[in-house]
2 protein chains.
Amino acid sequence: MSSQPPHPTLLIPGPIEFDDAVLQSMSHYSESHVAPGFVSTFGDTLSLLRKLFQTTDPASQPFVISGSGTLGWDLVAANLVEPGEDVLVLTTGYFGDSFADALKVYGANVTQLKGAVGSKPQLPEIEKALKEKKYKMVTVTHVDTSTGVLSTLPDLSELVRRVSPETLLIVDGVCSVAGEEIEFDKWKLDGVVTASQKAIGCPAGLSISIFSGRAIKTLETRKAPVGSYFASMNKWIPIMRNYEAKKPSYFATPSPQLIHALNTALQLILAAGPLSERFAKHAEVSDKIKKAVAALGLKQVASDPSEQSHCMTAIYLPETIKATDVLPALAKRNVVFAGGIHKEIAPKYIRFGHMGVSVTDPKRGDIDTAIKALEEALTEHGYQKP
Amino acid sequence: MSSQPPHPTLLIPGPIEFDDAVLQSMSHYSESHVAPGFVSTFGDTLSLLRKLFQTTDPASQPFVISGSGTLGWDLVAANLVEPGEDVLVLTTGYFGDSFADALKVYGANVTQLKGAVGSKPQLPEIEKALKEKKYKMVTVTHVDTSTGVLSTLPDLSELVRRVSPETLLIVDGVCSVAGEEIEFDKWKLDGVVTASQKAIGCPAGLSISIFSGRAIKTLETRKAPVGSYFASMNKWIPIMRNYEAKKPSYFATPSPQLIHALNTALQLILAAGPLSERFAKHAEVSDKIKKAVAALGLKQVASDPSEQSHCMTAIYLPETIKATDVLPALAKRNVVFAGGIHKEIAPKYIRFGHMGVSVTDPKRGDIDTAIKALEEALTEHGYQKP
């Protein structure tokens with residue numbers, strides 16, 4: 001039985017429901033950030049991240065830094081691009097736009113390719129852009145939390161490597177890591193930035209990322225000074241390497257409690273079986289949800305099935321029903337969904353996050369409860385399914 | 001009785017020992033960052049911070065952002081100074097040097113006034129500097145965690161306002177807030193940056209700060225764009241104002257668990273009686289520790305009693321004994337002190353942090369245990385007190 005008190009089931013696209021063991025790790029007694037026990041835990045956590053990202057290349061460098069997922073954009077923008085350099089941002093919603101904003105703050109010259117709302121820039125269009133200009137970097141939002149649009153990475157990576165092999169490929173994996181498959185080495189990615197509170201299943205407060213040896217080399221050979229102090233990779237790289245080598249090190253005080261919780265979350269993920277099974281489970285549950293949404297006569301914001309995330313579903317409401325009606329009706333049934341945040345369509349849709357324990361532990365019944373609650377909430381507001 | 005398992009008593013200058021209730025708040029069940037319950041908790045937390053900083057001026061703006069204390073420097077450097085503007089950094093140790101580095105990253109033209117090791121720049125010297133050049137900002141480390149040197153603020157503020165009234169006065173209060181008195185309004189401060197894990201008594205992971213209406217005005221009238229994305233006050237101000245008005249708002253996902261813990265920590269501090277009593281207690285315990293250190297025949301890094309912090313004591317070791325001997329000898333006795341980090345004297349001293357529950361709850365016996373352990377550890381290594 002859960003040690004958590006009864007509470008509404010949180011099914012937004014992050015934060016998600018957390019395992020009891022993860023929450024217990026959050027209340028770990030106080031330790032020095034340079035004590036051997038904690039140094040070992042932090043070091044192990046970095047090594048576990050390598051497994052989660054499926055990288056065995058020793059040149060890859062994981063980072064865990066106190067902050068929000070947003071901090072990952074600063075890491076990329078302040079360290080891997082120099083002022084005036086060109087970046088191609090593939091945008092599938094709110095978060096692609098924001099990544100572009102972050103890049104501009106640090107002086108990047110940003111070109112955005114935007115899919116229509118609920119769609120993504122297509123490969124031929126990307127190929128054309130890559131042939132027109134030499135880009136230092138391409139960024140892509142793996143799953144845009146505002147739309148649920150999934151950008152597939154292997155084909156994109158193949159394209160970038162073929163047409164513009166020197167260009168770095170950076171993935172915003174905030175709403176995908178640990179829910180959607182990512183093979184960092186095999187797919188030749190140069191960076192993935194994410195956060196703790198989504199499919200990884202650890203409370204918010206950690207910026208988590210991994211960068212390739214090629215990306216680190218880019219940092220090492222840059223001419224302009226790094227544009228941030230707290231987000232300076234030059235400051236953090238020795239710290240991360242020392243922790244992973246089980247040596248104490250200091251730049252800024254990490255959060256021992258959050259690191260313990262992340263360690264627990266990663267151990268649970270990796271002990272549960274091959275990662276491929278975890279991703280398959282997320283896909284299976286997502287398919288079931290999408291089928292149920294269709295059976296209710298509702299459309300998704302991500303219109304093409306091949307572009308639909310397995311971590312969340314953004315659902316257009318019937319025209320007669322407002323998000324401000326359906327969300328409270330869900331809450332009455334102890335289910336928490338999120339409202340829309342894509343500027344152009346915000347009031348017209350809701351977001352259902354399905355990641356982590358709500359997906360992997362069927363005994364919880366979270367998904368079935370949520371589907372039933374959605375149907376009831378719509379019915380309560382006069383909707384009749386077709 | 002404590003709900004925490006037996007563990008070594010952490011008496012470093014942060015993180016500190018935490019109250020059971022604070023650690024229990026860390027394992028709060030998952031909530032949406034925009035749900036009414038959490039929005040209310042976050043809003044209350046910001047209001048409680050106003051009380052901790054002793055400000056009633058509605059123009060003052062508190063911030064709580066996921067990050068380390070270090071992030072506070074980026075907040076100051078990226079928002080309140082424009083490239084090429086002059087900043088006078090008053091340095092009393094490692095952290096003053098680092099603050100200067102952070103300011104330079106964002107383009108400030110930094111002049112440092114440094115005290116000799118264990119001392120601080122004196123007022124006449126500061127007055128001279130302020131008369132030689134118009135500074136946009138003066139920064140001061142209230143307590144430098146590397147040396148335990150205390151910089152008194154009222155006299156400094158009076159000087160700056162008299163000689164250079166337009167100059168902003170910014171305080172690094174990482175190792176002082178909630179342990180040393182700070183009267184934000186009365187002392188006419190323009191900013192205090194701190195972190196959760198020191199005298200406030202909440203696990204690490206939050207950058208906490210407050211800025212005056214004058215500082216916010218400086219931001220609003222700046223000509224150069226803000227130099228950071230994640231540390232952009234322009235992004236955070238509407239979020240903090242909305243949360244405090246109990247309205248949901250989003251820029252980057254906060255950590256509900258850490259905010260709950262901070263709320264609990266602040267409630268405990270403010271419910272315990274007038275803040276003046278808390279500060280008096282920290283001073284009383286600090287005096288006792290310093291007396292014991294002197295009785296052991298040991299000297300402090302901060303040589304002048306008027307420049308000694310009440311939150312920590314940096315203690316020079318006898319010449320015959322190394323920190324790498326005494327720290328393990330303390331650890332054997334379940335007491336954790338920190339080693340030195342001031343470059344010029346690092347191996348020669350140790351640091352004893354005395355903040356929060358270890359000070360305010362005498363039933364714990366932490367301080368007496370630590371003093372006894374220190375004496376035993378020195379004796380074990382052949383030291384004979386005079």
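Placed from the backbone N, Cα and C atoms, the Cβ positions cover glycine too.
These figures come from a predicted structure and were not determined experimentally.
Residues or ranges marked as substrate binding site by TrEMBL: A:R351. The Cβ of A:R351 (substrate binding site) lies under 8 Å from the Cβ of A:I12, A:P13, A:T145, A:S146, A:G148, A:M312, A:T313, A:A314, A:I315, A:F337, A:A338, A:G339, A:G340, A:I341, each of which sits 6+ residues away along the same chain.
Per TrEMBL, the feature domain 'Aminotransferase class V' maps to A:48-342. Computed over the domain 'Aminotransferase class V' (A:48-342), the whole-number mean pLDDT of the model equals 98.
TrEMBL lists A:K198 with the feature N6-(pyridoxal phosphate)lysine. Every protein chain shown contributes to the tally, and the Cβ of A:K198 (N6-(pyridoxal phosphate)lysine) ends up with 31 other Cβ atoms within 10 Å.
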